[in-house]
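Here TrEMBL flags Arg96, Arg106, Arg130, Asp221 as substrate binding site. The feature Mg(2+) binding site is assigned by TrEMBL to Asp221, Asp245, Asp249. Residues or ranges marked as NAD(+) binding site by TrEMBL: Gly281, Ser282, Ala283, Pro284, Asp285, Ile286, Ala287, Gly288, Gln289, Gln290, Lys291, Ala292, Asp293. According to TrEMBL, the domain 'Isopropylmalate dehydrogenase-like' annotation covers 7-344. Annotated site 'Important for catalysis' per TrEMBL: Tyr137, Lys188, in sequence order.
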Amino acid sequence: MTETTYRLAVVAGDGIGPEVVAEGLKCLAAATEGTGIVFETTEFDLGAKRWHATGETLTDADLEAIKGHDVILLGAIGDPTVPSGVLERGLLLKLRFALDQYVNLRPSRLYPGEVSPLREPGEIDFVVVREGTEGPYVGNGGALRVDTPHEIATEVSVNTRHGVERVVRYAFSVAAGRDRKHVTLVHKHNVLVHAGHLWRRTVEAVAPEFPDVTWDYLHIDAATIVMTTDPSRFDVIVTDNLFGDILTDQAAAVSGGIGLAASGNVNPDKTGPSMFEPVHGSAPDIAGQQKADPSATVLSVAMMLDFLGHGELAAKVEAAVAADAAAKAESGLVRSTAEVGDALAARIRA
Ligand SMILES: NC(=O)c1ccc[n+]([C@@H]2O[C@H](COP(=O)([O-])OP(=O)(O)OC[C@H]3O[C@@H](n4cnc5c(N)ncnc54)[C@H](O)[C@@H]3O)[C@@H](O)[C@H]2O)c1
Ligand SMILES: CC(C)[C@H](C(=O)O)[C@@H](O)C(=O)O
Ligand SMILES: [Mg+2]
């Protein structure tokens with residue numbers, strides 16, 4: 001058997017991160033068993049514990065070491081004992097930006113047995129292509145006269161033609177490979193007339209390259225209505241970094257819950273490793289209690305396998321999660337994080 005080896009950087013992170021990543025790795029081992037595909041893992045001690053011990057979030061040396069890997073699996077970053085933004089910006093966003101992960105791919109699928117306010121399983125199947133390296137996330141801003149009645153704070157959204165065009169083209173190429181072949185641009189060009197118009201003009205310019213793909217437009221506020229009342233209408237959504245962040249938590253809520261929402265921070269040009277992580281955060285309210293659903297991390301592992309060209313293995317992992325969702329709806333059992341991971345690994349092996 002020929003052996004394929006991948007170097008996998010593991011950043012378990014904070015809160016429920018280590019709990020869900022353990023199950024993700026368990027399922028990765030189950031999926032690759034006997035296939036000749038080997039993941040050599042390096043664990044990176046990054047997050048709140050490291051920050052408290054050293055004051056470091058992500059050093060240049062950490063970044064260089066991570067760059068030496070093919071892919072990254074991340075759990076969650078953020079902790080109530082660390083000032084808000086320190087780890088989120090200094091670690092998570094720094095990774096996405098430094099590794100040029102400009103496509104934040106966030107699929108939503110409603111599996112049989114999962115709960116949606118309105119739809120039947122099978123009716124919800126869309127993917128959000130969220131821009132990952134620009135918008136209001138770039139850190140272009142500041143505060144003046146802090147803590148005075150005259151305080152002014154700015155957070156300027158930066159949108160470049162290059163940055164918008166590459167993610168829009170990626171979204172159209174994703175749509176071209178899907179059955180419905182439809183892109184919805186979500187923005188707010190009735191108010192954000194500079195950024196919004198750049199996004200609209202870019203879509204108009206790129207669309208003719210994909211004659212089979214249709215497209216339409218929704219303002220973000222209207223998009224949240226459709227996401228709640230008729231999410232089955234969506235196929236591929238392309239949107240900016242902040243709108244995409246908000247819309248994908250809502251997407252998770254209407255398609256089985258945040259415990260099932262997976263994502264890939266993809267660098268399509270492969271100038272750096274891509275990073276796979278659940279959409280959810282470190283969930284301090286349930287951390288350390290084995291209450292977290294690891295399914296989102298397991299589905300992120302599936303996305304990672306697919307990204308590496310192992311579509312069959314990815315499908316096997318996703319099928320295990322779907323089957324587990326159906327079974328759990330029937331049994332009504334409350335299981336620990338590890339028990340869910342064990343059940344998923346057993347289904348993958350079966
Ligand atoms: N990608 C990331 O690492 C990421 C994403 C979002 C938030 N955060 C950070 O996480 C911290 C907490 O943020 P938050 O509370 O806004 O969002 P969160 O996603 O951590 O939690 C929101 C709610 O969802 C629940 N939840 C989340 N994941 C779950 C899972 N796998 N199973 C069951 N329930 C789950 C939580 O218990 C909580 O009630 C903050 O520091 C935030 O910055 C990190
Ligand atoms: C923690 C935060 C920086 C992050 C984001 O806004 O991208 C999170 O909410 C997510 O969705 O991955
Ligand atoms: Mg988010």
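Here the Cβ of each residue, glycine as well, is placed from N, Cα and C on the backbone.
Here the features listed in TrEMBL are placed on the structure.
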residue	record	Cβ contacts under 8 Å, 6 or more apart
Arg96	substrate binding site	Asn104, Gly132, Thr133, Asn265, Met275
Tyr137	site 'Important for catalysis'	Leu93, Asn241, Leu242
Lys188	site 'Important for catalysis'	Gly196, His219, Ile220, Asp221, Phe243
Asp245	Mg(2+) binding site	Arg130
Asp249	Mg(2+) binding site	Ile258, Ala261, Val279
Ala283	NAD(+) binding site	Gly15, Ile16, Ala76, Ala292
Asp285	NAD(+) binding site	none
Ala287	NAD(+) binding site	Asp14, Gly15, Ile16, Glu19
Gln289	NAD(+) binding site	none
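A Cβ distance below 6 Å to any atom of ligand 2 is met, among the binding-site residues Arg130, Asp221, Asp245, by Asp245. Least packed by the Cβ count within 10 Å, out of the binding-site residues Asp221, Asp293, is Asp221. The Cβ of Gly281 (NAD(+) binding site) has 20 other Cβ atoms within 10 Å, all protein chains considered. Site extent for NAD(+): the farthest pair of Cα atoms among Gly281, Ser282, Ala283, Pro284, Asp285, Ile286, Ala287, Gly288, Gln289, Gln290, Lys291, Ala292, Asp293 sits 15 Å apart.
Each of the binding-site residues Arg106, Arg130, Lys291 was scored by the number of other CB atoms within 10 Å of its CB, and the largest score is that of Arg130. Proximity of the binding-site residues Arg106, Arg130, Asp249, Gly281, Asp285, Ala287 to ligand 1, judged by a Cβ distance under 6 angstroms to any of its atoms, singles out Gly281, Asp285 in sequence order. Only Asp245, in sequence order, out of the binding-site residues Arg130, Asp221, Asp245, Gly281, Gln289, Asp293 have a CB under 6 Å from ligand 3. Over the domain 'Isopropylmalate dehydrogenase-like' (7-344) the predicted model carries a mean pLDDT of 96. Under the DSSP three-state reduction, Lys291 (NAD(+) binding site) is assigned to coil, being neither helix nor strand. Comparing Gly281 (NAD(+) binding site) with Arg106 (substrate binding site), their Cα atoms are 14 Å apart once rounded.
On the backbone, the CA of Arg106 (substrate binding site) and the CA of Lys291 (NAD(+) binding site) stand 23 Å apart.
Among the residues the record lists as binding substrate, namely Arg96, Arg106, Arg130, Asp221, the two farthest apart have Cα atoms separated by 27 Å.
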